[in-house]
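Heads up: the structure comes next, in structure tokens.
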Amino acid sequence: MSGLLSRETFAKITNPLASALLRAGFTPDTVTIFGTAASVVAALTLFPTGHLFWGGMAVWLFAMFDMLDGAMARARGGGTRFGAVLDATCDRVADGAVFAGLVWWAAFGWGSTSLVVATLICMITSQVISYVKARAEASGLRADGGLIERPERLIIVLAGAIFSGGFGVQWPLHTAMWVLAVASLVTVAQRMHAVRTSPGALDLLPNSDAGQDTAETNQP
């Protein structure tokens with residue numbers, strides 16, 4: 001992202017607030033859960049009812065808690081492994097709620113098949129992008145980078161919603177979702193390529209490991 005939208009820029013705002021919340025007795029995990037819950041409520045109440053502008057603004061505001069909990073963790077000397085897993089899990093939940101709210105409005109508000117398809121692609125690939133990296137790292141492989149990551153994804157989708165809602169036109173959200181859909185598919189391909197070209201990626205697994213992976217895959 002550009003310097004204007006970077007974490008360093010927001011740190012100037014979040015660091016003092018993070019220190020104040022810590023002094024008040026709040027924890028990073030508490031802030032993570034609150035921010036996610038608020039984002040989910042905003043996305044699933046405002047987007048499906050056609051309030052795209054206010055939905056986009058509300059989700060953007062609560063998404064800032066994703067930076068605030070990290071600032072709190074750094075201020076107290078570091079985060080925990082559980083906190084990292086909780087943060088990543090909550091990110092996936094919030095992203096799913098945003099796309100679910102938008103796909104509902106696309107289908108039943110605007111009746112746009114094209115927007116429904118684009119939003120569903122974005123919903124699926126947003127989860128796959130994260131899963132590829134997590135699964136690769138669990139296997140000792142590399143899956144960093146890619147064209148689109150979560151901050152860029154939020155900026156694109158929320159900008160589309162805010163402009164469509166603010167000006168009462170459909171094309172900003174349509175454009176944003178299709179741009180994001182294509183970019184997300186490219187990112188999945190980039191990450192899979194990074195995994196495949198990682199050292200040891202094509203080494204044969206021992207029979208016991210291969211059987212375990214197969215069994216896990218076949219579980220319901």
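Each position is counted from 1, following the chain as shown.
The backbone N, Cα and C atoms fix where each Cβ goes, glycine too.
Going by Swiss-Prot, these are the annotated features:
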- ASP91: active site, proton acceptor (ACT_SITE)
- ASP29, THR30, VAL31, THR32, GLY70, ARG74, THR80: CDP-1,2-diacyl-sn-glycerol binding site (BINDING)
- ASP66, ASP69, ASP87: Mg(2+) 1 binding site (BINDING)
- ASP66, ASP87, ASP91: Mg(2+) 2 binding site (BINDING)
- 21-46: transmembrane segment (TRANSMEM)
- 52-72: transmembrane segment (TRANSMEM)
- 93-110: transmembrane segment (TRANSMEM)
- 116-134: transmembrane segment (TRANSMEM)
- 154-171: transmembrane segment (TRANSMEM)
- 177-194: transmembrane segment (TRANSMEM)
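Annotated features taken from Swiss-Prot, shown on the structure.
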residue: ASP29; record: CDP-1,2-diacyl-sn-glycerol binding site; contacts (Cβ under 8 Å, 6+ apart): ASP69, PHE82, GLY83, LEU86
residue: THR30; record: CDP-1,2-diacyl-sn-glycerol binding site; contacts (Cβ under 8 Å, 6+ apart): none
residue: VAL31; record: CDP-1,2-diacyl-sn-glycerol binding site; contacts (Cβ under 8 Å, 6+ apart): LEU21, PHE65, LEU68, ASP69, MET72
residue: ASP66; record: Mg(2+) 1 binding site; contacts (Cβ under 8 Å, 6+ apart): THR32, GLY35, ASP87, ASP91
residue: ARG74; record: CDP-1,2-diacyl-sn-glycerol binding site; contacts (Cβ under 8 Å, 6+ apart): ALA18
residue: THR80; record: CDP-1,2-diacyl-sn-glycerol binding site; contacts (Cβ under 8 Å, 6+ apart): ALA73
Completion exercise
For the transmembrane segment (21-46), out of 52-72, 93-110, 154-171, 177-194, most C-beta pairs under 8 A are with 52-72
Exercise for the section: May I ask whether the transmembrane segment (52-72) has at least three C-beta pairs under 8 Å with the transmembrane segment (116-134), counting pairs 6 or more apart in sequence? Expected result: no
Handout entry: Cβ-based neighbourhood (8 Å from the centroid) of the Mg(2+) 2 site, residues ASP66, ASP87, ASP91 excluded
Key = THR32, GLY35, THR36, ASP69, ALA88, CYS90, ALA94, ARG150
Completion exercise
Among ASP29, THR30, VAL31, THR32, GLY70, ARG74, THR80, the record's CDP-1,2-diacyl-sn-glycerol-binding residues, the widest C-alpha separation in angstrom comes to 15
Problem - Site of maximum Cβ density within 10 Å, from recorded positions ASP69, ASP87, ASP91 - result: ASP69
Completion exercise
Given the transmembrane segment (52-72), its same-chain partners at Cβ distance under 8 Å and 6+ residues beyond its ends are 7, 10-11, 14-15, 17-18, 21-22, 26-29, 31-32, 34-36, 38-39, 42-43, 46, 79, 83, 87, 91, 94, 98, 101, 105, 154, 158-159, 161-162, 164-166, 173
